């Protein structure tokens, strides 16, 4: 229904004929970005060891400093999805989403002090090698295949989003844009390896921040200054307070974002191969931990820029939807309309922002291509061909990176068929698939008595429940009533919204379960894997420490430190350091010192 918003900003319009217009200088700026990314890839293809070994191609010779690694950690998931999705979220629903920044602290602290020490001291190449050391080959393969599915689907969104942006603001053919994005990224990833990916991430992060900052500065100036922006967003009810509602079906509250967001962050920065590969490329363990800490302020800055951009958008339009002027009804297109409105008449700046989107997308996509090639090579191919020569291995690794690039371009086709915003789609994917993966690693690291049967059963149960809830959510949404308007820009609008709220009833039974906030998906699926995994492990006969002690973090021993040592050993399976394991022949690196020798 009409909230009477059309009269609030009657003078702010943009000639639709100007929408799809790039000046020559905009194309030059955009072309320079792609050329620079390609140049970095060529440089690392022709310098150093020339990517002639899998160690150099996949792990950057384990010789990277903490600064480029930390910027690459940000760029790997600060994609075009976030640059477009977060401002659109703030514009439509207010600043409540900003509270996800609270989750960044624990979401990076725990990986720095739990996951990084375990992975780094095991000297693995793929995070899923850990699962074989801890459980069995079958668990490793299951984890690898799950990760591949997650990243291929997510990459479809990442490839589609900047191509959609370029099409919206220039009229450039959508699928030509998709193909160009995928091919450029595939090429420099294939020829340059992880070093090229990390250093292009650094360059693209700078471009990404610059593009957002330019839009915000120009937007504030054209809206009337900081005080005017603040007045409009305050009167428009876009500044959200601390919502402590414990209801898990509420889309965004402090608990869904600040607590549920921790599990989402752990699935990304704790056990995701894309990030683990960056930790392992660092020169030392201390450099890896430091890079994790250095990512915190940069992530907060990226979140702040995106949220402020959404607020400036609201101050400019006060909730009006002009996305139809770009030839689409998608809410995310409103961000692109805002950018072109603000930057029209400023040659080069529209090109800079589209370059910003492509920078974010290319950094994410290249990181994924490299990590997908790594896990496929290390987890699915090398175990079956241990005598493969280094020359053939590096050639196959490059072929895998290229193949995944083409596959992700194909997946982009399905993205435009989905109904959610790009931000919500991305976070749902990480919750649905990343949550069970987090549960699998947590089961192995924190519960020494869990066995491989329990791990496989837990992962299967977690994925099954995840897809059950997701399908139920889709069916429930399609059969439900239309969503409420989120905009309150005048007293009249407020009273109309209150009247509408009175007419809506809360869902009950399974429908309420299907209404679970998508921010809880990671936590819910993680605990499902752990619970089922422990139950099945006990039913199938627990085996105390089926692997080397260095694969287990003594979490329970720390939490139950008040118990007598004898009882603690019985409950937590604390095995004396150096005790041989029955299947040590399967673990060829048992000679390494335990990372917890100074604790036990």
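Quick reminder: no glycine exception, Cβ is built from N, Cα and C everywhere.
Here TrEMBL flags 24-46 (among others) as transmembrane segment.
TrEMBL lists 66-86 (among others) with the feature transmembrane segment.
Here TrEMBL flags 98-120 (among others) as transmembrane segment.
Below 8 angstroms of C-beta separation, residues 79-81, 84, 126, 128, 131, 172, 174-175, 177-178, 180-182, 272-274, 330, 332-333, 336, 354, 357-358, 360-361, 364-365, 368-369, 371-372, 375-376, 379-380, 404, 407-416, 422, 425-426, 429-430, 433-434, 436-437, 440, 456, 459, 463 of the same chain, each at least six residues beyond the ends of the transmembrane segment (141-166), sit close to that stretch. Per TrEMBL, transmembrane segment is recorded for 141-166 (among others).
TrEMBL lists 172-191 (among others) with the feature transmembrane segment.
Summarising the annotation, TrEMBL assigns transmembrane segment to 198-220 (among others).
A Cβ distance under 8 Å defines the sequence-distant neighbours of the transmembrane segment (252-271), meaning residues of its chain 6+ beyond its ends; these are 73, 77, 93, 96-97, 99-100, 102-104, 106-108, 110-111, 114-115, 127, 242-246, 292, 295, 427, 430-431, 434-435, 437-438, 441, 517, 519-523, 526. Look at TrEMBL and you will find 252-271 (among others) tagged as transmembrane segment.
Annotation comment: TrEMBL describes 352-373 (among others) as transmembrane segment.
Per TrEMBL, the feature transmembrane segment maps to 393-414 (among others).
Feature annotation from TrEMBL assigns transmembrane segment to 426-449 (among others).
Sequence annotations record features per position, and here TrEMBL assigns transmembrane segment to 455-475 (among others).
Packing against the transmembrane segment (518-540) from elsewhere in the chain are residues 100, 248, 251-252, 256-257, 259-264, 266-267, 424, 427-428, 430-432, 434-436, 438-440, 442-443, 447, 449-451, 453-455, 457-459, 461-463, 465-466, 469: each is 6 or more residues past its ends and has a CB under 8 Å from a CB in it. The transmembrane segment annotation in TrEMBL covers 518-540 (among others).
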